[in-house]
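Per TrEMBL, the features are as follows:
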DOMAIN    36-285  domain 'G-protein coupled receptors family 1 profile'
TRANSMEM  20-43  transmembrane segment
TRANSMEM  55-76  transmembrane segment
TRANSMEM  127-146  transmembrane segment
TRANSMEM  202-220  transmembrane segment
TRANSMEM  232-256  transmembrane segment
TRANSMEM  268-287  transmembrane segment
Amino acid sequence: FYCPRQFFLLGFQLQRTSRIIFFAGVLIVFMMTITGNLLMIMLVSNTQSLRSPMYFLLSHLSFCDIILSMTITPNLLYVTLQDGSPMTVSGCITQLYFFSLSSATECLLLTMMSYDRYVAVCKPLHYVMIMNFPFCLGLAVLSWTLGLSLSTMLNICLCHLQFCMSNTIDHFFCDYAPFCQVSCSDTTIVQTMIFIISTPEIVIETMFIISTYVCIFLAIHRISSTTGRQKAFSTCSSHLTVVCTYYGTLAAIYVFPSGEQSFNMNKIVSLMYTVVTPLLNPLIYSLRNREIKDWARAALAPLEKVMVGRQQHWGVSTSSNSSRFEFLQ
């Protein structure tokens, strides 16, 4: 058998004008994603009022988004610019490794953050005692350790695959399903191992998040005042929005059939999951959290004073010029 040393990623087959527009749009999203998540990490690290368990876990979530975006988007830009691009087998496996690492760790972090919101709403008097720094650090370390272990086991399974003549992957990155489809060896055992490894994690995380939010909604329902309900719900609205967005796009990849007619749809959903979602996380938390809004106002206050001063300066100059003009007349 001929074993190819590289694959050829087709990417999105677009016309030249559409390809340039798509490239520019993805590049803008990529720059905004890296900037937004880096600002979120710096903000949590340097702002005293944001050194809370939720924001500590959020900084790790932003780091996961940076890894995911750096793993997928630069290669997507190159594939789009070249209208298809080769990638070595080792490069493909490496991309799969960091993709699975960031995805698995992000799912685990979202699960840990749901527990944080549960304690904040259902056990507010014990929140400081339960969610102390050593415990939060342990949750973060556990998330990264499990994510690293799961991604390593998944990639060990993929390394046993053999490849023959077919080396074309109809995708913009090396996802698991397209990677297995171009293999000439029997992928039943590999797919079964991937199912056994990934399914317990997905089921446990989903059931845990649903259970915590059932308890949260029941606790909110027991609050008598409308203001109290709104305040309690606002503490978990950002996390709930991120969970629904992340798990919704992730689940959609597996809902659509794997036939050839669904390749374009799978690529679009994967684009939302790998490129757009990392940008949404910092935006959602920035727009829905009062602490970040207050920090933004405080950070922009000196700039606002400078702009107001310049406007007043130009206003005085304009009025003085007009008075001179009237005097000359």
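Glycine is treated like the rest: Cβ placed from N, Cα and C.
Any TrEMBL annotation is an automated prediction that lacks curation.
Take the transmembrane segment (202-220) and the stretches 20-43, 55-76, 127-146, 232-256, 268-287: counting Cβ pairs under 8 Å, 232-256 has the most. At the 8 Å Cβ cutoff, the transmembrane segment (20-43) and the transmembrane segment (268-287) share at least 3 close pairs (sequence separation 6 or more) and count as touching. Tertiary neighbourhood of the transmembrane segment (55-76): same-chain residues 9, 11, 26, 29-30, 33-34, 37-38, 40-41, 44-45, 85, 87, 95, 98-99, 101-103, 105-106, 109-110, 112-113, 116, 133, 136, 139-140, 143-144, 172-173, 274-275, 277-278, 281-282, 285, 291, selected by CB-CB distance under 8 Å and a gap of 6+ residues from either end. Counting only same-chain residues 6+ beyond the ends of the transmembrane segment (127-146), those with a CB under 8 A from a CB of the stretch are 53, 56-57, 60, 104-105, 108-109, 112, 115-116, 119-120, 201.
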